[in-house]
Amino acid sequence: MDTIEVSNLNRQFLFRQSHVGQSKAKVAREAVLKFRPHIKITPYHANVKDPDFNVDFFKQFNVVLNGLDNLDARRHVNRLCLAAEVPLVESGTTGFLGQVTVHVKGRTECYECQPKPAPKTYPVCTITSTPSKFVHCIVWAKDLLFAKLFGDKNQENDLNVHSTDAASSSEQAEDAFERRKDEDIEQYGRRIYDHVFGYNIEVALSNEETWKNRNRPRPVYSRDVMLNGLAQQNGNIFGATDDPSSVSAMASLGMKNPQDIWSLMENSRIFLEAFKLFFVKREKEFGNLTFDKDDQLAVEFVTAAANIRASSFGIPLHSLFEAKGIAGNIVHAVATTNAIIAGLIVIEAIKVLQNDTNNYRMTYCLEHPTRKMLLMPVEPFEPNKSCYVCSETPLTLEINTHRAKLRDFAEKIVKAKLGMYFPLIMHGSALLYEVGDDLDEDMVANYAANLEKVLCELPSPITSGTTITVEDLKQELTCNINIKHREEFDEEKEPDGMLLSGWTQSSSVEKDDNKSIDNGGSTSNASQTVPVDSEKNDEMGSVSSGKKRKLSEVPDAAAQDFSSVADSDGSRNHKKLELVDDDDDLLMLDADPGINKKKRLQ
């Protein structure tokens with residue numbers, strides 16, 4: 001259902017400037033027919049997860065070639081291909097890296113046989129109190145400050161610090177983020193600036209214990225950094241356009257180069273100007289605004305805010321170009337990599353069509369030569385016998401059956417972890433919950449009532465030792481889950497209050513106060529994050545699957561971690577903030593090309 005954007009044009013060979021705004025599928029068909037006019041191509045401008053694209057739809061094909069940009073859609077297509085028994089050729093690129101893998105039911109591992117990397121998460125205490133990297137400042141500016149000012153006003157947020165000192169000024173006793181009566185935009189913007197960059201830092205500094213082994217931050221107030229106490233304008237504040245995406249603080253201030261690193265004063269001017277433009281031009285969007293890397297004003301605001309905070313904590317400042325890459329998790333696409341991977345997809349598809357099973361290969365496009373090779377072919381692996389998707393191996397769920405509701409199980413496990421969109425939940429022969437358009441009102445009401453019941457109080461109680469069967473009829477996928485009652489969970493490591501095992505996702509780790517903090521292992525959301533580029537792995541944190549896959553037939557090659565890209569919304573909880581990719585143009589690179597102790601196909 002994707003449409004062509006200007007940023008798509010430099011990474012492929014089918015779309016032109018005149019195609020911007022049109023359907024990718026339809027334009028691709030037209031472009032191919034110009035040089036192969038006698039073939040038949042049917043484009044669908046739709047969501048691959050729509051009910052129309054069911055198992056019967058997939059059965060009409062000899063092979064399916066994936067060029068998707070998010071994990072959920074990939075899992076969905078994998079399951080439909082398994083159900084339809086149609087070979088799947090998966091692919092992905094990120095920067096100079098790429099891969100093509102072949103998946104055939106019963107013969108090779110399926111797309112989900114190996115766990116995918118978990119999202120990169122950061123403890124809220126690090127983000128709000130002790131940032132040490134620029135990415136921490138970006139997450140703070142994007143997920144806390146921007147969201148607080150322009151997003152859902154009711155969300156809980158650590159930014160609205162109140163003083164407990166009775167002698168404090170009365171202004172701190174109120175909600176600092178509420179605009180006062182008769183307060184003009186400039187005054188409001190400066191007050192927000194002083195609150196988040198000045199007062200909040202003063203409050204943080206009052207906890208002497210925190211700064212015993214850290215560099216103390218410096219509070220920043222607008223009066224200290226602005227010329228004459230005011231942001232200098234160039235007289236071109238509002239512009240004539242009504243297009244929200246074209247509103248720009250940089251344009252208003254005559255700052256043109258996105259690769260310049262702004263001074264603290266320039267960042268302050270951009271911050272206040274962007275704040276003002278949001279209220280003047282885009283106030284109607286407030287309450288629903290979320291950060292978008294393609295929203296120029298949002299990128300300017302987040303860049304400036306992150307830089308001001310970075311300056312306070314002694315962290316090097318970054319240009320708007322760099323900040324946009326970090327905030328949007330952008331790995332800049334390379335047209336030659338895409339072309340190479342596209343060619344490899346076709347080569348594997350031809351093998352599938354010729355039933356040349358002995359020559360199927362998983363091929364990895366490397367950034368640096370290994371044994372003088374940039375393309376590394378690896379023989380496919382056999383199915384993972386513990387894969388719940390293609391081997392139907394039971395999973396185990398530890399959960400408090402006396403507290404958790406069926407809704408918790410349905411939302412956090414069945415939908416979020418197992419990727420089922422139209423689930424049916426059964427205990428023995430008792431149907432506890434299902435989704436469908438053909439349900440009568442009484443059934444819908446009955447299932448809705450079940451969702452609010454604690455597991456052990458359901459009509460067919462779920463207790464320790466119970467086995468639940470979960471099905472997705474659209475995916476023709478069935479999974480059995482063994483329930484194990486557990487009283488207590490670690491709020492930091494297991495925020496969902498449940499632990500799924502038998503199928504585990506890797507956890508990413510961020511150090512804080514010399515204590516390893518992860519995102520809950522198998523309870524983490526299945527979205528993924530990436531290093532911004534090959535030069536910034538230390539900044540964003542590389543995420544790899546738990547066990548390294550060694551390059552087959554290259555024993556002396558160092559196992560290479562492949563990062564992942566996904567267009568996922570990624571849930572947040574009160575303990576963690578996570579970076580999830582917003583870029584819908586990138587394909588996803590899978591895990592390392594080889595897992596220890598796995599059998600290759602003979």
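Cβ atoms are placed via backbone N, Cα and C, with glycine included.
Residues annotated as ATP binding site in TrEMBL: Asn8, Leu9, Asn10, Arg11, Lys24, Asp69, Asn70, Leu71, Asp72, Ala73, Arg74. A sphere of 10 angstroms centred on the C-beta of Asp72 (ATP binding site) encloses 20 other C-beta atoms.
Feature annotation from TrEMBL assigns active site, glycyl thioester intermediate to Cys125.
Per TrEMBL, region 'Disordered' is recorded for 158-181 (among others).
Counting residues per DSSP class in helix, strand and coil order gives 23 helix, 0 strand, 17 coil for the domain 'Ubiquitin-activating enzyme SCCH' (285-324). The feature domain 'Ubiquitin-activating enzyme SCCH' is assigned by TrEMBL to 285-324.
According to TrEMBL, the domain 'Ubiquitin/SUMO-activating enzyme ubiquitin-like' annotation covers 397-489.
Annotation comment: TrEMBL describes 488-602 (among others) as region 'Disordered'.
Residues or ranges marked as compositional bias 'Polar residues' in TrEMBL: 517-531.
Taken from TrEMBL, the feature compositional bias 'Basic and acidic residues' covers 569-579.
Note on Lys24 (ATP binding site): other Cβ atoms within 10 Å of its Cβ, all shown chains, come to 19. Cβ neighbour counts within 10 Å, taken over all protein chains shown, single out Asn8 as the most crowded of the recorded positions Asn8, Asn10, Cys125. Residue pairs drawn from Asn8, Leu9, Asn10, Arg11, Lys24, Asp69, Asn70, Leu71, Asp72, Ala73, Arg74, the listed ATP binders, are separated by up to 26 Å at the Cα level. In the structure shown, across all protein chains, Arg74 is the one of the binding-site residues Asn70, Arg74 with the greatest number of other Cβ atoms within 10 Å. Residue counts for the domain 'Ubiquitin/SUMO-activating enzyme ubiquitin-like' (397-489) under DSSP (helix as H, G, I; strand as E, B; rest coil) come to 24 helix, 30 strand, 39 coil.
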